[in-house]
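Listed features, source Swiss-Prot:
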- Arg51, Gly52, Asp106, Asp107, Leu108, Val109, Asp110, Ser111, Gly112, Lys113, Thr114: 5-phospho-alpha-D-ribose 1-diphosphate binding site (BINDING)
- Asp107: Mg(2+) binding site (BINDING)
- Asp110, Ser111, Gly112, Lys113, Thr114, Trp152, Ile153: GMP binding site (BINDING)
- Asp110, Ile153: guanine binding site (BINDING)
- Asp110, Ile153: xanthine binding site (BINDING)
Amino acid sequence: MSTKDPHRLPHEKGFHISWDQIHRDSRALAWRLDGQGPDEGAWRAVVAITRGGMAPAMIVSRELDIRTVDTISVKSYHHQAQGQAQVLKAPDAGLMGDGTGILVIDDLVDSGKTLELVREMYPNAHFATVYAKPKGRPMVDTFITEVSQDTWIFFPWDMALQYVEPYRGTD
């Protein structure tokens with residue numbers, strides 16, 4: 001008879017991302033986006049989807065020397081439960097227009113609901129994520145790594161280092 005651990009996440013797989021790995025993968029995303037903008041290869045601005053997209057957006061904007069950076073705040077998760085996506089804060093309307101020349105960056109596309117909402121607002125923006133799951137993949141234009149739908153990604157900003165008991169216990 002198995003008992004369910006109430007403290008265990010409902011996801012079957014966990015993928016732990018370190019700060020070093022998100023930095024490397026975000027730089028790889030920048031390299032993939034370099035020269036792909038509509039203005040002789042250049043991008044006008046970067047818009048980070050908060051909060052997860054902020055670290056990758058900072059790295060991409062640095063690597064591509066893009067000085068204009070804004071945010072869009074979309075809430076679609078409460079802890080690990082996904083809900084209805086809603087915009088809490090939109091970027092500057094004058095900057096955005098229809099999204100032409102704008103890189104919208106997030107850490108992950110999961111179901112695609114967040115990107116779908118933002119894409120409706122800015123249909124000509126280029127959507128880039130570091131990681132992508134199969135359900136959300138059609139919503140993203142560029143990504144670095146695909147993971148299975150049942151994988152839960154643990155980002156470094158959500159983690160803390162702590163002592164863990166040895167597997168076999170202690171004396």
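First residue shown is number 1, and so on along the chain.
Each residue, glycine too, has its Cβ placed from N, Cα and C.
Annotated features taken from Swiss-Prot, shown on the structure.
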residue	record	DSSP class
Asp106	5-phospho-alpha-D-ribose 1-diphosphate binding site	strand
Ser111	GMP binding site	coil
Trp152	GMP binding site	strand
Looking only at Asp110, Ser111, Gly112, Lys113, Thr114, Trp152, Ile153, the residues listed as binding GMP, what is the longest Cα to Cα distance in Å?
17
Cα separation, Ile153 (GMP binding site) to Asp110 (5-phospho-alpha-D-ribose 1-diphosphate binding site) (Å, whole number):
10
Most Cβ neighbours inside 10 Å, all chains, among the binding-site residues Ser111, Thr114:
Thr114
Which one is it: of the binding-site residues Arg51, Lys113, which Cβ has the fewest other Cβ atoms within 10 Å in this structure?
Arg51
Reported as an integer number of Å, what is the Cα distance between Ile153 (GMP binding site) and Asp106 (5-phospho-alpha-D-ribose 1-diphosphate binding site)?
13
I'd like the number of other C-beta atoms within 10 A of the C-beta of Asp106 (5-phospho-alpha-D-ribose 1-diphosphate binding site), please.
31
Whole-number answer please: how many Å between the C-alpha atoms of Gly112 (5-phospho-alpha-D-ribose 1-diphosphate binding site) and Trp152 (GMP binding site)?
15
Of the binding-site residues Arg51, Asp106, Asp107, Thr114, which sits closest to Trp152 (GMP binding site) by Cα distance?
Asp107
Please report the number of other Cβ atoms within 10 Å of the Cβ of Gly112 (5-phospho-alpha-D-ribose 1-diphosphate binding site).
20
At the level of the C-alpha atoms, what whole-angstrom distance separates Lys113 (GMP binding site) and Arg51 (5-phospho-alpha-D-ribose 1-diphosphate binding site)?
16
